[in-house]
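S.K.: First the structure, which I've put down as structure tokens, then a few questions once you've had a look.
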Ligand SMILES: Nc1ncnc2c1ncn2[C@@H]1O[C@H](COP(=O)(O)OP(=O)(O)OP(=O)(O)O)[C@@H](O)[C@H]1O
Ligand SMILES: Nc1ccn([C@H]2C[C@H](O)[C@@H](COP(=O)(O)O)O2)c(=O)n1
């Protein structure tokens, strides 16, 4: 495959201005993306790229039935500026186009679940930015409840105080810097076992997810309880040792010191509590895509998630 970008310089609103092409070895267009000045987008896939044998043409875009011209030939016309680009640049644009079309008609939800330190938050931030969606780290809501109890020196098993704190959680005011303390995470995992506390927080999380254009939510029960109808469900995991090593690196990167064995023990204890509780335990939804990042760098995990999401979006846009 080869990839090309063409800038068509004109003032015609009905025509696209930025065009991206994936050209197969037979020199015919395999995929085409067309971006318009008003922000709209169309795309085409030569069949049977996804499933079925017909071409997919969305938003008035089609693949040309003629071979792709030479760059020199395109550039000989001064209203065009064409260049060969890397596959990764095309894929990013492709992904953006699919999501943009989907968001025009649906509130788009990406649910990310997984154990502590698996990289859910890191991935959620990248995906929300890429697909232009709102972002909610639901762990912060449980942390906010735990933090309120700790601040008032209340025991973590005071369920009615935890319910009151849960009602007071304001999603717009979650302070990551304060709530990311290790003690808040450990305590959050304890208050998260109470069904009444969960119901109050889940209601707020669902309202957040429903707000257009949609959201990426990460937590423990997003795909199973909070958003069971999410468009995409990812279960992000990594071995406990890898997660502990990442946590240690994170602490050391800001000048702190910690003990690997203690971090590992913490992580395993948290896994046991989050996976073993009776209400909404951490587990992959039946229709979740598993992403084990133990051997994946952050960028690789993002690209793998993007490939999963784009495959689903291409099929949904087609339907
Ligand atoms: N694929 C990866 N490769 C290497 N490091 C990673 C990867 N993903 C995340 N990290 C790092 O691991 C640490 C934990 O990541 P992150 O906070 O995203 O995990 P999390 O699953 O959201 O954790 P928690 O549930 O406790 O909030 C961070 O320092 C992050 O930079
Ligand atoms: N959807 C969620 C999110 C979080 N929790 C609980 C369990 C976690 O151990 C704790 C802290 O989460 P983190 O910030 O580490 O992601 O909160 C939950 O039960 N459900």
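Keep in mind that glycine also has a Cβ here, set from the backbone N, Cα and C atoms.
All TrEMBL annotations are machine predictions without curation.
Values in this document were obtained by computation on a predicted structure and should not be read as measured data.
From TrEMBL, here are the annotated features:
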- 114, 115, 116, 117, 118, 119, 120, 121, 122: ATP binding site (BINDING)
- 2-97: domain 'DUF6881' (DOMAIN)
- 110-300: domain 'Cytidylate kinase' (DOMAIN)
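Are these features on the surface or tucked inside, and what are their neighbours?
M.R.: Around residue 116 (ATP binding site), the same-chain residues six or more apart in sequence whose CB sits under 8 Å from its CB are 185, 243, 267, 270, 271, 274, listed in sequence order.
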S.K.: Quick check: with 114, 115, 116, 117, 118, 119, 120, 121, 122 left out, which same-chain residues have Cβ atoms within 8 Å of the centroid of the ATP site Cβ atoms?
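M.R.: Counting only non-site residues, the set is 123, 218, 236, 237, 238, 243.
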S.K.: Measuring Cβ to any atom of ligand 2 with a strict under-6 Å cutoff, which of the binding-site residues 116, 118, 122 qualify?
M.R.: 116
S.K.: Can you count the other CB atoms that lie within 10 A of the CB of residue 114 (ATP binding site)?
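M.R.: That number is 28.
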S.K.: DSSP-wise, what's the residue breakdown of the domain 'DUF6881' (2-97) into helix, strand and coil?
M.R.: 16 helix, 34 strand, 46 coil
S.K.: Over all shown protein chains, what is the count of other CB atoms within 10 A of the CB belonging to residue 120 (ATP binding site)?
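M.R.: Excluding its own Cβ, residue 120 (ATP binding site) sees 28 Cβ atoms within 10 Å.
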